[in-house]
Amino acid sequence: MNKYIIYFPFGYTFLSRIKTISKFISFLLTIPLPCFLFFYFGLLDVEERTLSLGIVFILAYSILYIFYENGYIENDIKTVKKEINPTLRIVGELYNYIDGNYNKIIIIRILFYALSLYLLSFFTIDDVIVKVVFYSIATSVIYFFHNKTRNAMKVFTFLLLSSSRFIFPLMIFSSYIVPEKIGFTFLSLFIYTIPAFFIYSAKTFTVMRFVIGQENKYKLIYYAVACIIILMLYFFVLRFDVLLLMGAILFYMLLLISLKKILNK
C-alpha cells in the first residue's frame with residue numbers, strides 16, 4: 001500500500017491498524033457508520049435530515065479524525081521509544097520513513113486539515129467550524145496526556161479518547177440536535193466505547209481479565225444484554241424514539257460481531 005496515504009484522513013489508521021480492505025470496511029461499519037446513524041436518525045428532527053447536512057457531518061467527522069490520527073502517529077513513532085515492551089504497529093521501512101519525516105508529515109496533515117476546514121466553511125455554519133477546531137484541540141490535549149501516561153491512569157485516558165470518537169462529532173453539531181435529545185448523546189458510548197474500555201482495562205487489571213474472559217464471547221453477551229436493556233427502557237419507561245434506534249444499532253452490532261466470528265472461523 002502506498003505510504004503517502006498517511007497524509008490523508010484514515011490513511012494512517014489503515015496502514016498501522018487495519019491493513020486490509022476488508023478490515024477497513026469492518027472499521028467503517030463498526031465506528032463511523034453507527035455514529036452517523038445515531039446522529040442522523042436518532043438526534044435530528046425530521047426536517048433537519050437533509051442530504052447536505054449528512055454530507056457535512058461525514059466531512060467534519062473525517063476532518064476531526066486527522067487530529068485523532070496525529071495522536072496515533074505520535075504514540076506509534078515517538079512514545080514507543082520510551083516504553084520497555086512497546087506494541088510496534090509500524091516497523092521496518094515505513095517506520096523509518098515516518099520517523100525521519102515526522103515533522104513534515106504532521107505539518108502537511110495540519111495544512112490539509114486547515115484547507116479542508118476552509119472548504120467546509122462554505123457549506124455549513126460558523127458554529128460547526130468553531131466546534132471542529134475546539135474538539136480537535138481537545139483531542140490533542142487528551143492524546144498528550146494519554147501518550148505521557150505510563151500507569152493505570154492510561155486506562156482512563158483511553159476511556160476519554162474512545163469516548164471522543166463518538167461524543168465529539170455529535171457535539172460539533174449540537175446546534176442541529178433536537179434540544180430534548182441532547183442528553184441522549186451519551187448513549188453513543190454504548191455502541192463501542194464501553195465494551196472497548198472493559199477490554200482495554202483487562203490489560204491492566206487482573207479482575208477485568210476474569211470478567212471479560214474470551215473477547216468475542218464477551219462482545220456477544222454485552223451487545224445482547226445492552227440491546228435488551230435499552231429496548232426495555234423504551235417499551236416500559238421512556239418512549240423516546242432515540243432509545244428504539246439505539247436498540248436497533250446495538251442489535252446491528254450484535255449481528256456484525258456474529259458475522260465476523262463466522263467469517264473468521
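The chain as shown is numbered from 1 upward.
Every residue, even glycine, has its Cβ placed from backbone N, Cα and C.
Caution: TrEMBL annotation is automatic and unverified by curators.
Record features (TrEMBL):
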- 21-44: transmembrane segment (TRANSMEM)
- 50-68: transmembrane segment (TRANSMEM)
- 106-123: transmembrane segment (TRANSMEM)
- 129-146: transmembrane segment (TRANSMEM)
- 158-176: transmembrane segment (TRANSMEM)
- 182-200: transmembrane segment (TRANSMEM)
- 220-237: transmembrane segment (TRANSMEM)
- 243-263: transmembrane segment (TRANSMEM)
With an 8 Å cut-off on Cβ pairs and a sequence gap of 6 or more, do the transmembrane segment (129-146) and the transmembrane segment (21-44) reach 3 or more such pairs?
no
Go through 21-44, 106-123, 158-176, 243-263 and flag the stretch with the largest number of C-beta pairs under 8 Å relative to the transmembrane segment (220-237).
243-263
Distal contacts, the transmembrane segment (21-44) - CB-CB under 8 A, six or more residues away:
10, 13-14, 53-54, 57-58, 61, 165-166, 169-170, 173, 176-178, 181-182, 184-185, 187-188, 191-192, 241-242, 245-246, 249, 252-253, 256, 260
Listed stretch, out of 50-68, 158-176, 243-263, that has the most CB pairs under 8 angstroms to the transmembrane segment (106-123):
50-68
